[in-house]
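In what follows, a structure is listed as structure tokens, so that the remarks can point back to it.
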Amino acid sequence: MLKQFLDRFSWVDFFMRLLQVAAVIVIIVGIFNSLGATKYTSGQWVTLVFAGLAQGSIYALIALGYTLVYGILLMINFAHGDVYMAGAFTAVFLANSLAASGFLGAQPVISVLLLILLAASVSMVLNVVVERVAYRPLRGAPRLVPLITAIGASFTIEYTFRGLYGAEFQSYPIIPALDGQFLTLAGFEIPWTQIVVLVAAILLMVSLYFFIERTKIGKAMRAVSEDKEVARLMGIDVDKTIMITFAVGGALAGAAGVFNGIFRPQGVFFFMGFIPGIKAFTAAVLGGIGNIPGAMVGGLFLGVFEAIGPNLILEGLGIPAVNQLRDAFAFTILVLILIFRPQGIFGERLAEKKA
Amino acid sequence: MIKTLQENFQKIQKFALLGGIVAIYLVAVGMVETFAQRNLIGTSLSLGHAFLVLGPIGVGILIAQAMKESETKSIYVAGFLAGALSSVSLILFNIVIQIFVIQADPDAVFYLRNMFVSFTPTAFEFLTFGQGMVLGNILLFLFFGLMGMLGVSFLRFPDKIRRGWINSLIWVLAVGLFSENVAQILRELFGPGLGKIIFSNKSMNPVAAIILFAVVFAFSYFGLKKEASDKWAAMPEEKQKKGRVFIIIMAILFVAILPWLVGLFLSQALFIIGMYVMMGLGLNIVVGYAGLLDLGYVAFFAFGAYTMGILTTTGALGRSDLNFWMALPFAMLIGVLWGLLLGFPVLRMRGDYLAIVTLGFGEIIRILALSNWLAPFGGGAQGILHIPQPEFFGLSMNSPQAMYYLVVLGAVLAAFVTIRLRDSRLGRQWMAMREDEDVAEAMGINLIQTKLLAFSIGAAFSALAGAIFAARLGNIFPHSFNILISINALALIIVGGLGSIPGVVVGAIILIGLPEMLREFAEYRLLMYGMLLIIMMIVKPDGFMPEARRSQELRDEKDTLPKQAAGTEG
């Protein structure tokens, strides 16, 4: 017994376990301390949760692009965050024109649909172009190679759009119909913008799910992600299917860009995609990369966790100005998840293929 | 001839479309207009022109390649046609500007220039050569056609003339581009007179350009370079050896006097190149040898800089009064420690997950350095001020030249360590691990130890570079330690060739040195990096100075297998 144990014992495992326990203890101590301090009311927590859900639905939409591509090509489309930026950045000009002409005030639904249409098409085309130029010539190359071109593509997109639209921040207009409107739910006030974003995002995700599960193209996508060679033998055009995958992922990211603009009209600029991109990747891994419902749940979960986490955990540890650390908190989750549970919460569909 | 053209018309169309996309892209992102302000030769030929014609010249080259078999005359006509057709995108651009910018109302609901910042009347002016809508566009059409023919000429001129033609064009453009630097060197060597004759206001004197063109053309035409190399090959072995020693001594001397040759400003550029060589060599161990893609390399650079800052600063944050030389080992030690600490949790990861986790580490550390939480240690957003410059036997090394020597010393040390490690047992272990982790482990390589050593040695060089950086600048801010530094270092080792030591130097000169010298490019530097990364990976994945073993690995299995079977494995 003991010998067997000693044979299997590895210092790496031991320290990793130690690290894991330490992380859990830190989290628990933090939560206890902050809940004990009763600094925030339950209303404030609910506000944070809903803001987190809305933000999380944006992450989820971007994460779907990562998951779809990873499911098929087993590569991280590092440029996906910038594809999201491209849609958001392009649509902001239409949004401002619509606002200036008064159309946004008169027909908010049609305006938002127009914005989504524009952003989604720009992101879609861009993602397909990126695939065609930067990834397709490298099919079958060592795995480091497409990752490096993806980094290259990311910078190319960022600075192309900087050249096209300039380096300044552009702000989305406030939609008059949603401005300052709150939905009262069980005594808590929730801004309508968040509800709209959340509901629209969920609608998109559900339609994506049916697209993948019920349509012929979805079936082809699933087949290609199972096994490219066999799919080709079954008469599926693999390159076309991969292109469609990139197109779908890009369109979702573009829509996410518009939702981001509605949700918080702070400003879009050429570098805005970098951090949401990494966070969305976290969300995709969190839900088990390659797993579509997983990416949705992972995104929502990450959004909420990121919204309440700093106040709930870090503040309890006596760290000042926790809001500065929001991004660091999200990245810490990323690092912890990748280290301790790379297969995600729901497990990964692709576990055996990755080796 | 007409028949050949008809047969190839589809190709012409395709290439023209490609060239048109390139041309409109360069105009739309504003490169052409920005660079148009920088004259190369006289006042009529600017850097903007050079970028404008990239599209049609490329089209010409493609046409000449695709129609290799056809007769020369029809290729030229095809080149003209394709080049001219590629101007159609720009003609449309001109029309759009005419209608939506020049004649439009800036206060309208939608004004095109609010969206596309480069769609300016100046761009219109530049593209139409100031000749107005109709004549300007016709000129543009013809000009692009001529440029297409120029592209063809690069491949179709008779061999001797072709060499001279290409070489002299490159030389003239390069001297025009680096005019400031060339003028500076001429000033140091021959006094102020000569530079003033050749250059006026950053741009080359047309007469001087023609003379230079003629000289280079003559050199290439008569094949003087080839003659010299023939002579060299004919020399006896012993003489060659002596010659080689002589060349090495000259190279060392050259590196030693370089900062005095090029003046203050360029010495600073040399310093930065040296710093990146040091970092590149460190990252080369991690990525090139051990095959661990680390995107958070900047973290160790930051640790080195912050350690140096905290230990030596005379400001409020100082924790000790060590001098630069005494703090240097500590900076490296901290680098090693953090290399171990951050390397440990990622031992079990590979490939892209590793890349993302290290990226996360880098960002976390930057955000923490910025935060109020750690401000009592690292100064938060204000950073650390008043870091003294190193002293050398009582002399303050406050000039870029002095720091250049320091950084060259560091780079030489890093190169030495890298070479020795590469040829050691550890180096072979790294490479075995890079090829296949599982097999390496099965062969008895201790992966934990090997990986941690790669991380920590790489981190040490990065920390060393960071420490020197902090001492040179005197103030450090968290904003200096962003992801772009990691990307710069990664890009330079990839461009140079993963795993290759001369490649790191070449990569640093190309990616760090050139943009430092050509400040006109500052805005578009990262755009070019991004494109370069993609193009390198597709066209030349083993870099400009490939390492033998690495390039073999990157080649497709299909290519290598028969070769190995034939016993040509190297």
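Using the three backbone atoms N, Cα and C, a Cβ is placed for every residue, glycine included.
Since this is a predicted model, take the numbers as computed values, not measurements.
Annotated features, as they stand in TrEMBL:
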type     : residues  : note
COMPBIAS : B:549-561 : compositional bias 'Basic and acidic residues'
REGION   : B:549-570 : region 'Disordered'
TRANSMEM : B:12-32   : transmembrane segment
TRANSMEM : B:44-63   : transmembrane segment
TRANSMEM : B:75-102  : transmembrane segment
TRANSMEM : B:134-157 : transmembrane segment
TRANSMEM : B:169-186 : transmembrane segment
TRANSMEM : B:206-224 : transmembrane segment
TRANSMEM : B:245-263 : transmembrane segment
TRANSMEM : B:324-347 : transmembrane segment
TRANSMEM : B:402-421 : transmembrane segment
TRANSMEM : B:452-471 : transmembrane segment
TRANSMEM : B:483-514 : transmembrane segment
TRANSMEM : B:526-545 : transmembrane segment
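Within its own chain, the transmembrane segment (B:452-471) has Cβ neighbours under 8 Å at 275-276, 278-279, 281-283, 285-286, 289-290, 292, 294, 297-298, 300-309, 312, 324, 327-328, 331-332, 334-340, 342-344, 347, 384, 387-390, 403, 406-407, 410, 414, 417, 421, 426, 430, counting only residues six or more beyond its boundaries. The stretch in B:134-157, B:169-186, B:324-347, B:483-514 that contributes the largest number of Cβ pairs under 8 Å to the transmembrane segment (B:526-545) is B:483-514. Counting residues 6+ beyond its ends, the transmembrane segment (B:402-421) has Cβ neighbours under 8 Å at 255, 258-259, 267, 270-271, 274-275, 277-278, 281-282, 284-285, 289, 389-390, 392, 395, 427, 457, 461, 464-465, 468, 471-472, 501 in the same chain.
Counting same-chain residues at least six beyond the ends of the transmembrane segment (B:483-514), those with a Cβ under 8 angstroms from any Cβ of the stretch are 269-270, 272-274, 276-277, 279-281, 283-284, 287-289, 294-298, 301, 359, 362-363, 415, 418-419, 521, 526, 529, 532-533, 536-537, 542-547, 549-551.
Stretch with the most C-beta contacts under 8 angstroms to the transmembrane segment (B:12-32), considering only B:44-63, B:75-102, B:134-157, B:169-186, B:245-263: B:75-102. Note on the transmembrane segment (B:206-224): residues 41-42, 160-161, 163-165, 167-169, 171-172, 175-176, 197-199 of its chain, located 6 or more positions outside it, place their CB under 8 angstroms from a CB of the stretch. Beyond the ends of the transmembrane segment (B:134-157), by six or more residues, the same chain brings 19, 23, 53, 55-65, 72, 75-76, 78-84, 86-87, 90-91, 94, 127-128, 165-166 to within a C-beta distance below 8 angstroms of the stretch.
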